[in-house]
Amino acid sequence: MSLLKMEYNLYAELKKMTCGQPLSLFNEDGDFVEVEPGSSFKFLIPKGFYASPSVKTSLVFETLTTTDNKITSINPTNAPKLYPLQRKVVSEVVSNMRKMIESKRPLYITLHLACGFGKTITTCYLMATHGRKTVICVPNKMLIHQWKTQVEAVGLEHKISIDGVSSLLKELKTQSPDVLIVVSRHLTNDAFCKYINKHYDLFILDESHTYNLMNNTAVTRFLAYYPPMMCYFLTATPRPANRIYCNSIINIAKLSDLKKTIYAVDSFFEPYSTDNIRHMVKRLDGPSNKYHIYTEKLLSVDEPRNQLILNTLVEEFKSGTINRILVITKLREHMVLFYKRLLDLFGPEVVFIGDAQNRRTPDMVKSIKELNRFIFVSTLFYSGTGLDIPSLDSLFICSAVINNMQIEQLLGRVCRETELLDRTVYVFPNTSIKEIKYMIGNFMQRIISLSVDKLGFKQESYRKHQESDPTSVCTTSSREERVLNRIFNSQNR
């Protein structure tokens with residue numbers, strides 16, 4: 001730990017990383033506060049900030065030669081086989097680590113690798129290469145299984161803890177496994193933080209973008225007060241301000257053979273309203289809609305739009321065009337609505353729900369990985385980051401209010417490399433609720449633009465459904481409407 005006065009150059013360097021956000025750190029009294037320029041307080045500067053050689057410092061940091069927390073169960077023959085690009089990452093990491101050790105810099109690296117790159121297996125290879133006792137920290141239980149599978153494949157002795165940290169501490173008094181896989185809420189326990197700081201050298205923070213380290217969270221406090229000897233942040237979408245805690249980044253671009261298509265399923269709707277809708281519309285401009293809660297609530301009861309989504313999914317699934325579908329909503333009640341209707345159509349052997357309130361959901365996710373055809377309905381919160389179903393070939397985005405980081409993570413769910421190359425995303429830019437029509441169009445255009453400009457998707461118009469079912473709610477009723485539809489499409493590309 002280093003308590004320093006906030007001199008101008010130090011403040012400028014830290015503030016630059018926040019990209020306009022307030023800069024918040026722990027002060028000498030242990031309070032987590034916003035840092036003001038010229039402050040007379042001393043602040044706890046995160047160890048990982050000094051990982052970059054561009055940061056000038058006279059501080060000298062410990063190296064691995066000062067500890068003896070070595071893995072005992074390592075077997076070199078169990079090292080996973082890597083693709084050439086993954087081996088390139090390993091080579092870059094090893095090279096950077098050598099330079100850090102020579103210059104006595106903290107061994108902290110962010111692995112900024114695309115969704116589907118294989119961050120888990122690459123990191124397990126690095127873990128075995130370092131041969132140091134490791135803590136793997138995940139944001140939720142759903143990510144445990146993919147780490148468990150890879151750690152077991154490497155043959156490392158490990159312990160998984162997802163519930164009570166107190167019972168884990170009792171077990172650690174008599175045994176000290178080479179690898180601990182834990183959920184991040186364990187870091188709220190100071191005794192546990194002290195234990196892993198003393199007995200484990202490598203700390204892996206999976207899905208690091210899910211933590212805002214400018215907030216006073218358990219992870220923030222751990223990295224500030226109990227900084228590990230070595231640390232990896234893993235993410236496909238780095239949060240800029242988090243770089244203050246891990247200021248060295250390796251980013252290797254990944255070329256893909258996947259054929260990625262995004263369809264904007266357009267339709268003209270007659271205005272639709274109910275007493276409930278009229279009540280919620282009144283709240284659109286109020287403080288209760290600060291985070292667009294009522295915007296999403298209105299979408300969840302937009303019956304014509306919901307029916308269009310169902311009609312499109314049913315037709316595509318029945319035709320065999322898509323086979324392993326992820327349906328994403330923002331709100332739980334919206335998820336349940338789609339689940340019940342799809343369950344009535346296809347039955348429980350095909351339709352599954354990814355419900356955060358159901359403790360059996362992680363086991364269910366494991367079971368559907370081997371299915372050739374399924375429909376998995378879930379929320380952005382539960383399945384938008386880290387969902388490990390590599391065989392997914394299609395995504396239906398039913399919500400609209402999604403930030404860029406969430407969009408990239410969500411689209412990454414269908415960008416895992418498998419032998420099947422076609423990937424399809426469906427978005428629905430129209431609504432029958434006139435008060436949010438333009439807002440929804442703008443939000444959906446952001447999803448389309450990011451998918452095309454950054455993630456390599458190709459946008460195509462979706463006409464099949466409208467032409468094949470003239471009686472459905474999504475049909476256009478006249479030639480004039482069809483012409484207007486084409487004009488609208490051209491303006492929004």
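Cβ coordinates come from backbone N, Cα and C, glycine included.
Applying an 8 A CB threshold to same-chain residues 6+ apart, the list for GLY116 (ATP binding site) reads LYS254, SER256, GLY412, CYS415, ARG416, GLU417. Taken from Swiss-Prot, the feature ATP binding site covers LEU113, ALA114, CYS115, GLY116, PHE117, GLY118, LYS119, THR120.
The annotation domain 'Helicase ATP-binding' is assigned in Swiss-Prot to 100-256. On the 0 to 100 pLDDT scale, the domain 'Helicase ATP-binding' (100-256) averages 93 in the predicted structure.
If you look up Swiss-Prot, you'll see 206-209 marked as motif 'DESH box'. Long-range Cβ contacts of the motif 'DESH box' (206-209) within its own chain (Cβ-Cβ under 8 Å, at least 6 residues beyond either end) map to 110, 119-120, 136-139, 143, 147, 233-239, 242, 246, 385-386, 405, 409.
For the motif 'DESH box' (206-209), the DSSP counts in helix, strand and coil order read 2 helix, 0 strand, 2 coil.
Neighbours of the ATP site: apart from LEU113, ALA114, CYS115, GLY116, PHE117, GLY118, LYS119, THR120, residues of the same chain with C-beta atoms within 8 angstroms of the site's C-beta centroid are THR122, ALA236, LYS254.
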